[in-house]
Amino acid sequence: LAAPLFGYLGDRYDRKIILAAGICFWSAVTLGSSFLTELYCWIFFLSRGLVGIGTASYSTVAPTMIADLFEEGKRTTMLSIFYIFIPVGSGLGYVLAAGMAELTGDWHWAFRITPCMGALALFLLVLLVPRRTQRRTAFHRALSISGTIRVKAEKPELQRAARTTWCQDVLALAKNWSFVFSSLGLTAMAFVTGALGMWVPLFLYRAELVQGLVSPCLQESCNSSNSLIFGGITIGTGILGVITGAEAARRLRKMNNKADPLICATSMFVSALCLYIALMVAQTSIISTFVFIALGELFLSVNWAVVTDILLYVVTPRRQSTAIALQILVSHLLGDAGSPYLVGTISSAIQAKHPASIQWRFWSMQYSFILCAFLGVCGGGFFFLTSFYIEEDRKEAER
């Protein structure tokens with residue numbers, strides 16, 4: 001919800017200060033939440049929500065700074081490095097949480113370690129990022145598909161005269177069909193990613209119960225091994241997927257002007273197929289389930305940097321922070337914010353209509369996960385629709 005505010009600020013004020021403030025706020029709230037007890041659980045839930053404010057400041061502003069710092073083909077590579085750390089951070093969350101809980105016997109320590117990473121990020125930001133990153137205009141951003149510059153730089157006085165209000169920016173973005181459809185595709189990606197992150201370890205545990213590989217567990221934490229394995233898969237496939245997507249985009253753009261959205265569409269379709277196969281084989285082969293879940297996450301990760309790169313060349317530079325902010329708001333609000341709850345609710349509703357048994361606990365989650373495969377197909381469709389508009393919107397942004 002805070003993303004549009006930071007998008008507005010990022011288009012108009014010093015982005016380095018915005019990033020530093022966001023990191024400090026995120027780290028402080030995370031550290032403070034680690035000292036809350038069960039009596040103040042409502043404050044804990046509130047603090048976890050406030051973490052999103054810090055995240056919003058970083059995720060809306062940082063991509064535009066990267067786009068301004070690097071020229072032509074390097075932009076996609078640097079964005080891919082930036083987005084590699086989304087799955088890496090997600091995977092490390094599982095590994096750190098499980099490891100610290102086991103080491104200290106207290107899950108609160110997971111929240112006391114992460115602010116150390118925030119302090120490191122703040123130190124590197126102050127040390128390495130220029131005080132004022134030059135905001136590039138058409139000279140930097142308006143590139144042909146082969147990477148050659150097509151227009152000259154805008155004069156500063158023209159840039160200032162063309163300043164628009166936030167409402168005008170939003171209306172212009174709503175008419176940009178490449179931005180709209182790619183944002184909907186990203187929302188489908190976020191929906192699937194959020195549901196997988198919440199429920200896959202439990203789904204794997206129930207699959208092992210059905211196959212008789214483990215015994216029923218009545219302890220508070222029964223899925224630590226699955227969480228660690230899934231966290232490792234998320235890190236590995238995230239790194240490989242982002243690198244693969246960036247390299248595929250770099251090569252295929254030279255042959256097809258619509259390469260970026262077509263790469264995203266294809267990866268979403270293949271990911272949905274892999275996830276569906278993983279659901280179907282879970283009852284008979286846990287190894288095959290791990291393999292197809294890994295493939296599904298791999299193809300999901302292909303799109304992270306490519307989607308942002310699409311936004312950066314179909315949206316004019318002066319409203320890119322706002323565009324990224326709206327994209328983040330929609331993808332989280334309609335995607336990973338509600339997908340874990342929705343999948344869990346569907347599973348509980350199915351389970352409530354059948355006898356309480358290990359088999360039906362597994363089947364209820366299996367059936368609810370089919371929604372993720374369906375949303376993956378929808379996401380691929382949205383990216384495919386993007387390909388019909390991307391050339392026109394690119395030219396409009398260059399103008």
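Residue numbering: from 1, along the chain as shown.
Cβ from N, Cα, C; glycine included.
Those TrEMBL annotations? Automatic predictions, nothing curated.
Record features, source TrEMBL:
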- 1-391: domain 'Major facilitator superfamily (MFS) profile' (DOMAIN)
- 17-36: transmembrane segment (TRANSMEM)
- 42-66: transmembrane segment (TRANSMEM)
- 78-97: transmembrane segment (TRANSMEM)
- 109-129: transmembrane segment (TRANSMEM)
- 184-207: transmembrane segment (TRANSMEM)
- 227-249: transmembrane segment (TRANSMEM)
- 261-281: transmembrane segment (TRANSMEM)
- 287-315: transmembrane segment (TRANSMEM)
- 367-390: transmembrane segment (TRANSMEM)
To the transmembrane segment (261-281), which of 42-66, 227-249, 367-390 is linked by the most Cβ pairs under 8 Å?
367-390
Surrounding residues of the transmembrane segment (287-315) on its own chain - C-beta under 8 Å, 6+ positions past either end:
63-64, 67, 75-76, 79-80, 82-83, 86-87, 141-143, 173, 176, 178-179, 182, 185-186, 189, 192-193, 196, 200, 204, 207, 229-230, 233-234, 236-238, 240-242, 244-246, 248-249, 260-261, 263-264, 267-268, 270-272, 274-275, 277-278, 281, 323-324, 327, 376, 383, 386, 390, 393-394, 396-397
By a Cβ-Cβ criterion of under 8 Å, what residues six or more beyond either terminus of the transmembrane segment (367-390) are in contact with it?
177-178, 181-182, 184-189, 191-192, 195-196, 199, 203, 257-258, 260-262, 264-269, 271-273, 275-276, 279, 300, 303, 310, 314, 339, 342-344, 346-347, 350
Go through the chain and flag residues at least 6 beyond the ends of the transmembrane segment (42-66) whose CB is under 8 A from any CB in it; none is fine as an answer.
1-3, 5-7, 10, 15-16, 18-19, 21-27, 29-30, 32-33, 36, 75, 78-79, 82, 129, 133, 308, 312, 317, 320-321, 324-325, 328, 332
